[in-house]
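Participant: Encoded as structure tokens, here's the structure I'll be asking about.
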Amino acid sequence: MTAILERRESESLWGRFCNWITSTENRLYIGWFGVLMIPTLLTATSVFIIAFIAAPPVDIDGIREPVSGSLLYGNNIISGAIIPTSAAIGLHFYPIWEAASVDEWLYNGGPYELIVLHFLLGVACYMGREWELSFRLGMRPWIAVAYSAPVAAATAVFLIYPIGQGSFSDGMPLGISGTFNFMIVFQAEHNILMHPFHMLGVAGVFGGSLFSAMHGSLVTSSLIRETTENESANEGYRLGQEEETYNIVAAHGYFGRLIFQYASFNNSRSLHFFLAAWPVVGIWFTALGISTMAFNLNGFNFNQSVVDSQGRVINTWADIINRANLGMEVMHERNAHNLPLDLAAIEAPSTNG
């Protein structure tokens with residue numbers, strides 16, 4: 001016993017710090033990824049709150065027409081947002097010390113870059129921390145794999161898309177109405193609704209919601225009663241109990257008769273893998289779709305694809321969507337372009353003397 005105490009006392013300060021960082025006995029696990037996650041997420045959160053409340057208007061389009069996004073400059077919770085970094089900055093790394101003054105940094109939307117880059121680093125470290133804690137506890141790594149879907153989606157809209165478009169001003173604003181504006185403009189410029197990867201993402205999100213509701217309702221409906229009629233059924237469960245809390249055979253039989261036999265899982269493990277994999281794979285595809293459309297590999301174009309025997313166009317829903325896209329596009333950055341992009345691309349005729 002004496003030898004053990006002596007060994008503990010002789011342990012270096014660094015060794016004790018390492019043991020504390022990697023200890024699974026802490027109320028909240030820190031881990032080596034947490035050492036980077038905590039300061040980056042605290043920085044992103046702090047700057048977001050301050051900027052959402054008090055940041056001055058930002059010249060997002062680089063045309064000396066600042067756009068207001070903070071509460072103190074006339075917005076509310078719905079309309080407020082962190083305005084993306086100015087198109088005048090493009091993809092340049094724009095920390096505070098690169099600007100001539102803090103006022104210039106704020107005018108050019110410096111807080112957006114600061115928040116986004118710290119946030120992406122923080123959520124990536126959160127994913128690594130999930131893997132690290134799973135490793136320490138001897139668990140399989142699939143929690144971190146599942147979390148990679150929202151990390152990929154955030155990286156796509158905040159980093160990959162601006163890189164593909166050439167400016168952080170094309171990134172998604174950090175606010176409710178700003179998010180909707182980003183979605184509308186994205187549809188106008190890339191026809192995302194006609195992209196198969198977005199369709200897979202919709203199937204993943206809505207399908208995941210459906211399967212989650214089906215699973216939860218089936219389990220809740222087939223609980224093994226351990227309580228009286230006057231008690232909540234939830235009181236019949238104790239954390240860590242060895243007995244099954246619901247009858248999977250009854251749930252399997254019910255669903256097999258409701259749809260057909262092979263629509264129901266008879267293996268709880270494969271069922272829960274399916275519940276996790278379906279939305280994750282769907283969101284992976286959506287993130288991949290955003291990343292490809294960032295470089296203008298856009299959704300399908302079926303405009304004027306149906307004509308009659310005389311060559312006259314018979315409009316389809318694709319043409320209706322195209323007309324909506326044109327309307328949304330001409331309303332976007334309406335003061336930044338003197339001509340629609342289709343006309344601006346045509347060479348002007350040369351004139352002599």
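The backbone N, Cα and C atoms fix where each Cβ goes, glycine too.
Annotation comment: Swiss-Prot describes Thr2 as N-acetylthreonine, evidence class sequence analysis. Here Swiss-Prot flags Thr2 as phosphothreonine, drawing on sequence analysis. For His118, the entry in Swiss-Prot reads chlorophyll a ChlzD1 binding site. Taken from Swiss-Prot, the feature pheophytin a binding site covers Tyr126, and the record attributes it to sequence analysis. As annotated by Swiss-Prot, site 'Tyrosine radical intermediate' applies to Tyr161. If you look up Swiss-Prot, you'll see His190 marked as site 'Stabilizes free radical intermediate'. Per Swiss-Prot, the feature chlorophyll a PD1 binding site maps to His198. Residues or ranges marked as Fe cation binding site by Swiss-Prot on the basis of sequence analysis: His215, His272. Marked as quinone binding site by Swiss-Prot: His215, Ser264, Phe265.
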Participant: Could you name the residues, excluding His215, Ser264, Phe265, of the same chain that surround the quinone site, i.e. Cβ within 8 Å of the Cβ centre of those residues, in sequence order?
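Facilitator: Checked against the 8 Å cutoff, the neighbours are Met214, Leu218, Ala251, His252, Phe255, Leu271.
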Participant: List the same-chain residues at least 6 positions away in sequence whose Cβ sits under 8 Å from the Cβ of His190 (site 'Stabilizes free radical intermediate'), in sequence order, or say none.
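Facilitator: Long-range Cβ contacts: Met293, Asn296, Asn298, Gly299.
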Participant: For His215 (Fe cation binding site), which of the recorded positions His118, Tyr126, Tyr161, Ser264 has the nearest Cα in space?
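Facilitator: Nearest listed residue in space: Ser264.
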Participant: Just give me the nearest neighbour of His118 (chlorophyll a ChlzD1 binding site) among the binding-site residues Tyr126, His198, Ser264, His272, Cα to Cα.
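Facilitator: Result: the closest of the binding-site residues to His118 (chlorophyll a ChlzD1 binding site) is Tyr126.
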